[in-house]
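**Student:** My questions all concern the structure below.
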Amino acid sequence: WKDLRALICRFKDKELNPQPLLRSLSTPFLVQQEPSIKIEPTVGGQLLRKLFQIIFFVQLFLVSILVIVLTIRGLIYAGSTDRFHPKKWYPPLLVSTASAGIVSFIWQSITFHCPSKAIKAVFWFTPLLTCAVGVLHILIGSPLSLAAGTIAILSGVIQSLYACWVNSRFDYASKILTVSTSAPPYNTTTFVIVSIITCLVYSSFSVTGIGGATATGTSLDIAFIVVILLSFLWSMQVIKNMLYVTISRIRYMNFACGVDINTRAAFHDTVKHLVGSVCIGSAIVPVIGTIRGSARAINLVAGDNDEFLFSCADCYSGFASTLITYGNRWGFVHVGVYNKGFIQASADTWEMFKRVELISLIDSDLTGVFCFLSGVAVGSICGIVGGTWELIIHKGYATEVSIYAFLIGYFMCRIALAWQQASVSAYYVSYAENPQSLRFDATIPVRIEQLHRFQV
């Protein structure tokens with residue numbers, strides 16, 4: 001791979017015509033780089049990828065059958081009883097789903113053209129929208145909605161405090177987002193639109209199944225709803241990370257060697273070779289990310305005042321730091337570029353960050369938080385739309401419709417922003433591999449120097 005990349009870099013200098021090799025890079029796939037850390041045997045890694053790929057498609061097939069059966073049963077049941085009203089349950093949720101697609105597309109466009117304003121807006125308005133969802137749930141008044149409303153309001157307050165704490169990092173987040181997305185891959189807009197439409201169809205399909213289970217509302221139906229939601233969460237993560245791997249590969253090749261790969265060909269390679277790794281990462285990253293985020297929050301709360309509490313927080317933080325080595329979103333870059341297994345790619349990427357002392361910079365970067373809060377903001381808008389509509393026409397459905405609309409809006413926005421987050425990750429990974437490259441400006445070195453001054 002090193003010799004191959006050297007040739008590509010020579011092509012950038014116009015020593016040779018790059019097009020024939022670029023076509024060969026897309027099909028067949030790139031030669032895998034020799035990993036720097038041995039985590040698992042090649043055969044074991046291949047089996048694990050294939051296993052997760054099979055599990056994902058099997059569960060998707062079975063849940064699809066379940067959704068169809070529940071939808072048909074729910075419509076039949078609704079015709080013979082007044083317990084469930086499809087005309088009052090489906091329209092608010094489907095309109096919220098459509099709103100999620102429209103708002104998500106508009107927001108990713110705003111983020112691309114005005115990153116500085118977008119970052120400031122999302123950090124200051126997301127807490128207000130989250131609190132608005134909380135107030136809506138309190139107005140609904142059911143025990144579940146009161147619990148959800150309380151959590152939402154507390155979350156909004158925490159988001160406000162966090163925005164005040166990190167406001168000094170806004171400028172760097174804006175710069176890194178601008179630099180990494182300055183030259184989006186060809187057909188990016190089409191790629192985003194197709195992804196959003198796919199998610200709209202899939203979300204609407206899932207909603208019909210949930211509605212069918214809601215029609216009867218037995219204990220078994222509640223279990224069916226949980227199964228559909230878990231499948232929905234994993235599937236949306238997989239869709240997002242398929243985009244993530246595809247775009248990060250394209251941007252990495254541009255940052256590292258100054259060459260472009262066709263977007264369709266890169267996506268074809270992802271679908272053909274990397275679905276198993278993406279499924280593994282989609283299951284692991286949210287869990288590890290939640291653990292690491294909670295560990296950092298506990299450390300802030302614990303401080304060093306109470307020796308026992310500090311000791312427990314330090315132990316938990318060490319556990320989270322170990323986990324992040326084997327499951328982090330930056331590993332998706334090496335998955336796409338080198339066709340590595342996800343665990344191996346995560347370990348290699350994290351080790352590289354340690355070697356060039358980028359961990360503190362990665363931890364202080366706000367682009368990941370920005371994407372998360374953007375998802376919360378869009379989810380809150382959708383939850384308010386669906387919940388308010390139901391509060392007016394059928395209060396009994398308001399809580400669940402608002403929650404479902406929130407989840408759909410959140411994931412729709414994360415998928416729309418996936419190409420920008422992937423571009424940032426590709427920028428960091430390619431910089432870590434060759435910090436002296438003339439293709440990088442002073443954005444990262446200046447920020448590292450600022451962090452060092454702050455620590456001193």
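We number each residue from 1, going along the chain as drawn.
Just so you know, glycine gets a Cβ as well, placed from its N, Cα and C.
Copied straight from TrEMBL:
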{"type": "TRANSMEM", "residues": "54-77", "note": "transmembrane segment"}
{"type": "TRANSMEM", "residues": "89-110", "note": "transmembrane segment"}
{"type": "TRANSMEM", "residues": "122-140", "note": "transmembrane segment"}
{"type": "TRANSMEM", "residues": "146-165", "note": "transmembrane segment"}
{"type": "TRANSMEM", "residues": "186-210", "note": "transmembrane segment"}
{"type": "TRANSMEM", "residues": "222-243", "note": "transmembrane segment"}
{"type": "TRANSMEM", "residues": "369-389", "note": "transmembrane segment"}
{"type": "TRANSMEM", "residues": "401-419", "note": "transmembrane segment"}
**Student:** Return yes if the transmembrane segment (54-77) and the transmembrane segment (369-389) have at least 3 CB pairs under 8 Å (sequence gap of 6 or more), otherwise no.
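**Tutor:** Touching, no - the transmembrane segment (54-77) and the transmembrane segment (369-389) miss the threshold of 3 or more Cβ pairs under 8 Å.
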**Student:** Excluding the flanking five residues on each side, which residues at least 6 beyond the ends of the transmembrane segment (146-165) place their CB within less than 8 Å of a CB in that stretch?
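**Tutor:** Beyond its ends, the transmembrane segment (146-165) has Cβ neighbours at 123-124, 126-131, 133-138, 140, 373, 376, 399, 402-403.
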**Student:** Against which stretches of its own chain does the transmembrane segment (222-243) lie, if we need a Cβ under 8 Å and a gap of at least six residues from its ends?
**Tutor:** 56, 59-60, 63, 66-67, 70, 191, 195, 198-199, 202-203, 206, 209-210, 213-214, 267, 270-271, 275, 278-279, 281-283, 285-286, 332, 407, 411, 414-415, 418-419, 422
